[in-house]
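Per Swiss-Prot, the features are as follows:
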- 1-27: region 'Disordered' (REGION)
- S2: N-acetylserine (MOD_RES)
- K9: N6-acetyllysine (MOD_RES)
- K13: N6-acetyllysine (MOD_RES)
- 17-27: compositional bias 'Polar residues' (COMPBIAS)
- Q110: N5-methylglutamine (MOD_RES)
- 119-139: region 'Disordered' (REGION)
- 129-139: compositional bias 'Basic and acidic residues' (COMPBIAS)
- S136: phosphoserine (MOD_RES)
Amino acid sequence: MSGKGKAGKSGGKAGSETKSMSRSSKAGLQFPVGRVHRLLKKGNYAQRVGAGAPVYMAAVLEYLAAEILELAGNAARDNKKQRIVPRHLQLAIRNDEELHKLLGNVVISQGGVVPHIAPELLPSKSSKGKKDEGVSQEL
């Protein structure tokens, strides 16, 4: 054995104390990489799960959650509310084209419906300010 090799599994001295670091903190994520890895293995999606797959999946889940929460927070603020409720999630998802496409078949309990009035039912803007000086409607 040469003297230039690593001493032990950690690569440092045998007696040194190193603080363990989670895979989530190594990747700079808030979502749990270890839990995602465990669920990927337990779900029988594939025979083997690579080391990078749970990190990538946790990052994608964290991004989607942040995107939905930001839009829902904006919807809550527009309604002058401090707390995000399912209605705000529904409005956020249905008003965003890409999220609506992704979650099109998802039903959000207590979400309600997105308000929409057909353009044909709205009052026409052309008749505003003009008076009919043509033939009278009286018989």
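Glycine is treated like the rest: Cβ placed from N, Cα and C.
DSSP labels the residues of the compositional bias 'Polar residues' (17-27) in these numbers: 5 helix, 0 strand, 6 coil. Sequence-distant contacts of the compositional bias 'Polar residues' (17-27), counting only residues of its own chain at least 6 positions beyond either end whose CB sits under 8 Å from a CB of the stretch, comprise 10, 33-34, 37, 54-55, 58-59. In the three-state DSSP classification, Q110 (N5-methylglutamine) falls within coil.
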